[in-house]
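A.B. asks: Mind having a look at this structure? Questions to follow.
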């Protein structure tokens, strides 16, 4: 009996273990089975995320596109109106209500036409693809091909243009810009009174940016009477033409007059090109018919009188004079005469170039006129050099209107006071100018000028002279961009003479506009101020990437996080500095670092600070800025992998 109970107990234990094992296996199978739903949930979430990226939202009737959903959205649409905008752009905000009205109108079109907007600051791929360089930029997409819209930003005009493009039989108008090759170049250029030619490379970013503006200008100028043609040359294919005209960069633009080339120095957008070429199409020199005109120039003029005296339009010297005038027409007013009466008054024979200063700028220390013999064999470049050399009086009047064209040469000695050549104040103005003349005659290597203290109030303030208490102040601006102020004292010729001599001997300390030097400057991006520019940027032992910015600049604000990331990326390199400078609050103490817009970025290589490399053409993102640094960094700052 006991034995039977024992066996029953053993059997019961065995069954219990079997049941436990089976239960564990079922649990394991359940767990295994349950893994698939979890994975499926993950896949579903990923699919949902992908769908979210591709989802197109609508805001007030306008579709919102980005880099991810753009292609899917436009794939099945014949016509789409696109606006590229920036969230901070004032013009974009102003245009938004009008754009929503356009969307509403085109939605009711038969068939409906989609209207979309793209934040170009975040959709960088699309902005690059469509060459967006300003905001807002409007384009019409026709069967996947972008059509530039350059009309007014009004509902009426935009809707009309979109409906025109949406027609089934619409095709893009033929290109107005002429395409030149070695086969047709000379024939076209030699027969044109004036023509603008662009030498470009298909891969060049600046050329791509210029292309739509250039074509718009070509269309506008083709409507003139007579029309002014614009042409282009692919310099990578037409290498002989590129070599013939010394094309070394892209795009290179040249003006041709009956085959003679002249540099194009104008703007690179539609209206700038149009205005510049219209001005260039006129005669470079104006004919003077009477002696009275010459006398009025001398009595009441405000600038150098440039007068060519010739026998007639067939005079070979006259043709050379015209060529020279064309090269300088933006900076000077040229005149010519065929009058023997005027020649007699000037006491010169025919075939002469005469330069004279108005009476108010004449002095006993300089000749009344400069005369050059001009014949058919005289080079236009020689005439040009002569004009530039003798265009300024010994002490001229520096004004905001002539500063860039007349007084860019350094060193420049400037005397500031109340300059007024009107009848009532001319005597006082000339009194101080005569004091300056007495010094200027002894320093022919320097340029001297007087300037009205009100016109240059900001400059006077930056020099620390606005509170000097003196009626007359003086300063010297040197070749490197440094400024030197004369200590406030009673002004006379002796004081000015002493000041200029001290500058010549290198005994003066420059005045530098500068924010306070940062106490803690160990961040990834070094802060440069006027007083530290030389110490940081011009350090000969270090490569420096310097960004010049303005606090109010939208593009600068957009760049800031990217630039900080760049600083962090290269922070470990001891011989490379990533830096920035508020160019509105600090002096740039070296004129090789020219800033004409914001942001401006330069790479200052170690050992060659006088030849900084400007960042141009690429996107201002981490990838392109890093590539720029790596391309130009010296061995000192290259990474170990590169070495």
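The count begins at 1 with the first shown residue.
Each Cβ is built from the backbone N, Cα and C atoms, and glycine gets one as well.
Straight out of Swiss-Prot:
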DOMAIN    21-167  domain 'Thioredoxin 1'
MOD_RES   364  N6-acetyllysine
REGION    24-58  region 'Disordered'
MOTIF     89-92  motif 'CXXC'
MOTIF     553-556  motif 'CXXC'
MOTIF     640-643  motif 'Prevents secretion from ER'
SIGNAL    1-20  signal peptide
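I'd like to know what surrounds each of these features in this structure.
C.D. replies: Taking the domain 'Thioredoxin 1' (21-167) as a whole, pLDDT averages 83 in the prediction.
For the recorded site, residue 364 (N6-acetyllysine), the DSSP three-state label reads coil. Around residue 364 (N6-acetyllysine), no same-chain residue six or more apart in sequence has its CB under 8 Å from its CB.
Note: the motif 'CXXC' (89-92) comprises 3 helix, 0 strand, 1 coil (DSSP; helix = H, G, I, strand = E, B).
Using a Cβ-Cβ cut-off under 8 Å and counting only residues 6 or more beyond its ends in the same chain, the motif 'CXXC' (553-556) has close neighbours at 86, 88-89, 547, 598-599, 620.
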